[in-house]
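Participant: Please read through the structure below; I'll follow up with questions.
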Amino acid sequence: MNLTNSLVIKFKFRGNFITTPFLLHSNFSTNRSMLPKITNLNHALNLFDEMSQRRPLPSVVQFNQLLHLVTKMKHFSSSLHLFNQMCSLGVPVNEYSMSIAIKCCCQLNHTKDGFALLGSCFRRAIPPDVYIFSALLDGLVIEDKIFEAEMLFKKLVKQKLCEPNVVMYNTMIKGLCKFGNNVTAVALLRLMEQKNCQPSIITYSTIIDSLCKDRLIDDAFKLFKEMVFEKRILPNVITYTSLIRGLCNIGRWDEASNLLKEMEDENISPNVQTFNVLVDAFCKEGKVEEAEAVINIMIERDKAPDLVTYSSLIDGYCLRGEMIKAREIFDSMTLRGLVPNVVTYSSLLNGYCKNRNIEEAMQMFRQMTRQGLKPNVVTYNTMLQGLFQVGHCVAARKLFDEMHAQGLIPDHCTYRIVLDGLCNNHLVEDALSLFHLLGDAKLNYDIFVYSILIDGAGKCGKFHIARNLFHDLIDKGLQPDVRTYTVMINAFCQEGILHDAKHLFLKMEECGYPPNNVTYCVLLQGYLKNKHCDDVEMLLQEMGDRGYSLDASTLSLFIDHIAAGLLDRSMLKLLGKLVPKELLNDPRLCDWE
DNA sequence: ATAGGGTTAG
């Protein structure tokens, strides 16, 4: 390794950065032997000790270099500690030292401390620069304080406290994307062009990734083309990986495969993460053989599968109910030098739970704790759902309390799982009192929660409660979605109030939420069960026009009605058009048409 | 210094 090349220091020269090889002479001899060797934290800490004992003290530049190295290794708390020691030693810290210290606070989720350090910049007469503000902005984004982030950004621009550079724009764009605000993200991209700050591949990749996550794949490609053909920015492996994932997620496999070819033609090799996207996509479709084939290619190409790869594969086998195979992969990971983490465990636990093997799930849950892994909210959610599914409500309650004792805060998923679990185990009263007890502003404004409770109340014959909940959510200004309408229609049908069911069915369309397959089936079942057959034929016709099909239980009900002479056999022809392929081999349908 | 991966939800 060439020492001269590896030790490059940036000198500020007439306001421009120029890079100059840092020539090493006698007084830097210790540097020469130590700095390039720094590969881990201990080396860095030892060097710091050694440096702080030298007299005179090394310059702030040398300390900053070391600080920068430690930060690069992501040892943020150590870096902060060193910064504090620098201050105690009397090293005249500058804006670079401050920016590193602030960056560390922000990356540690202590943006507040970062702002405190900003205050100390002013006290030390160090004018904060764009790096410092970018670090703070990123901290706010990391902590999901998007409103504060936007305020800071606007304030910096308006009061001309600093001229945003491409990194700062990218950070703000990342924040907007994180909150699904793609429109403003693109607007900011346009603003930076207008201000002559050229967007980079990072700017484009950030927005492209966000559009892909929101399934706006065509918009993503529009931006991709703009980047390549207008801006002449070459896409890299990250850009391609985002697009391939976007395509896989919406099932556009051929295009994903073409894009993979395209990127290889451009001499951009897929990396572990690109392959992971493919493995995950195959596994989510239950195509574990294909996933295994991808993994073999990874091994051939020296792109060692990692925890993510195997977690996806475990998911794939769990989805197919092949728990022995899933467990085999889990157990063999250690042999490959990979130690399962909380996510891997959660995947396996979810598999056991979904396949109703709660005993094995419980055992593994305890095993992970013994191995020193702390279950997180997702792990508890998985277990809670598993326990409710097999009706172990008392055990679920115990686990819920345990979660609390561990200092974990239940999230939206937790409440949805618990409320749904209680409803499905005929404990609607408990669900409702929990809902009212919580009174949590967020929970009370969660449309999913309302759907769960309305469904639960309706199915337990507590119709008035279901209807009150529906009015309640309207009063709060919540917008019911297709599921909310559907469960409410179901509740009306069960109560035999078909007039209101039909009214709501028509209303949802007016409100921009057209009924789906399930809604039609629910209403049809309601009509049949209540022997109210006037609209049935029309509804079936509409379903055909919309390309919908009947589910197994609705179809069964129709056949029973026809067999009992309650419906005319002429309806069979219409029904035949609405039978999904997988139901066509039902023996009862043999004499159709 | 800024961008991409894995677990839960009706």
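Glycine is treated like the rest: Cβ placed from N, Cα and C.
Unlike curated entries, TrEMBL annotations are predicted automatically.
What you see is a predicted model, and the numbers here were worked out from it, not measured in a lab.
The repeat 'PPR' annotation in TrEMBL covers A:165-199, A:200-235, A:236-270, A:271-305, A:306-340, A:341-375, A:376-410, A:446-480, A:481-515, A:516-550.
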Participant: What counts of helix, strand and coil residues does DSSP assign across the repeat 'PPR' (A:516-550)?
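Facilitator: Once the DSSP states are binned, the repeat 'PPR' (A:516-550) shows 23 helix, 0 strand, 12 coil.
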Participant: Taking a Cβ cut-off under 8 Å, which residues six or more beyond the ends of the repeat 'PPR' (A:165-199) line up next to it in the same chain?
Facilitator: 130-131, 133-134, 137-138, 140-141, 144, 146, 149-150, 153, 156, 206-207, 209-211, 214, 216, 219, 223, 231
Participant: Would you mind listing the long-range same-chain contacts of the repeat 'PPR' (A:271-305), meaning Cβ under 8 Å and 6+ residues beyond its ends?
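Facilitator: 237, 240-241, 244-245, 248-249, 253, 256, 260, 312-313, 315-317, 319-320, 322, 336.
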Participant: Return the average pLDDT for the repeat 'PPR' (A:446-480) as a whole number.
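Facilitator: For the repeat 'PPR' (A:446-480), the model's average pLDDT rounds to 90.
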